[in-house]
Amino acid sequence: MSSRSSWSSTEQINRTISSRADDLPPQPRRLEVVSKQATRVTALSTKLEWKIEQFEKLMKLIKNGSNLISRMFSVPDAPTVCWELHVYPNGKRDEDVNNVSFFLRQVGLARGEEPIMTEFQIYALDANNQRVSVCRDTKDFTNQQGRGKFQVSRDKMLGALRSDGTLFLICEVEYFPPGSKISVEPVVDEDVSTEEQEEMPEVIVRANNRSMWEDELFTDCVIHVGNKHIKAHRCILGQNSPVFKSMFSSPNMIEAQKGEIHIEDAKYDSVRAMVEFMYTGATESLESQGNIDEILAIADKYEVLMLKDQCERLIAQTINLKNVTQIAMFSDTYTADYLKSAVIRFLTTHHRVVIKTQDWISLKKSRHELANELLEAVLSTDQDDDDVTSNIPISVSPPPARKRLRRSAK
């Protein structure tokens, strides 16, 4: 009886609650507005792969304090930030003997710019393609500053060598470019495909500009170089070159009246490369053209500064003991500041050898002010830098030969 009574009471309570709920007025529907947002953060990353042959012998035979320097590596999206890896096979200082010292060096920013907080790791791949860690760290970098020192024992490095005695080094660097901003943006509609999202608008614009130029669509001016010509658009030339803009803006100049430009002090290929850059922001196979110095000269004349900057960086990668003096004069002739800074960095390590060469002796006689400027800069860097290289450096794989640079433009 008690069980049936309990069930009846519960049923009655449920009915009462249901009845009261039915008696309540309908509740207003809640209007919910969702703002979908995303914080987009794009870090840049670059990677160096560097093979150093006969590294076991280098650890035994190289004097303490002598170093190897990699070629500069960077990201095209941030050309003002470049990196070098420095390796001392027998340690940097006296107390580092029997160790290998490693430094990562940032060589692109101008003096006074904000430091770049950077995450990086350096490791080797041994004979079994297994990683042998050198370091993993996060540090802030300013211009010309090497960060480290990271010490690895000689025994550990011996175990990191490939079967042929080669050291296969890898350096991975990740950072935010100078001036980067973190922004909050609306979320892209999920119905839009990933492929469409990744289709960068600027890529489409560049492709359209190239087609317009190559198809000579609505061109309104022509550039004469020798017996060849290049058709173009005044608006594109004027937008990218203050010199062309001045020509087309002056009604008394023949360029403005007839839309014809005659260039007699440059080669056709160099002028065409400059015009191509104005339309697309790039020049196909710039590194393989073999006339980077001529392209820089014409870019300097017509003040196409972004192209000039790219040429400076490419030439900087070719500096060696044989051409450093010529490149120094070239950089001074065309006020190529980045290239001159690269010369100074090279001299900081190599000055003891360079100042004994016949080219340097000739430079002191013909352009002594430039020679003094370079040496003063080397001394200044030597005092300010916390990673100063010293003694005679070793070049494991010398840069490829390139043609002699012109000393001046005609």
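The backbone N, Cα and C atoms fix where each Cβ goes, glycine too.
Swiss-Prot lists 1-29, 389-410 with the feature region 'Disordered'. The compositional bias 'Polar residues' annotation in Swiss-Prot covers 1-19. Residues or ranges marked as domain 'MATH' in Swiss-Prot: 45-173. If you look up Swiss-Prot, you'll see 219-287 marked as domain 'BTB', on the strength of sequence analysis. Here Swiss-Prot flags 401-410 as compositional bias 'Basic residues'.
Residues in the domain 'MATH' (45-173) partition by DSSP class (helix H, G, I; strand E, B; coil) as 16 helix, 64 strand, 49 coil.
Residues of the domain 'BTB' (219-287) grouped by DSSP class, helix first, strand second and coil last, total 35 helix, 13 strand, 21 coil. Predicted-model confidence for the domain 'BTB' (219-287) is 90, expressed as mean pLDDT.
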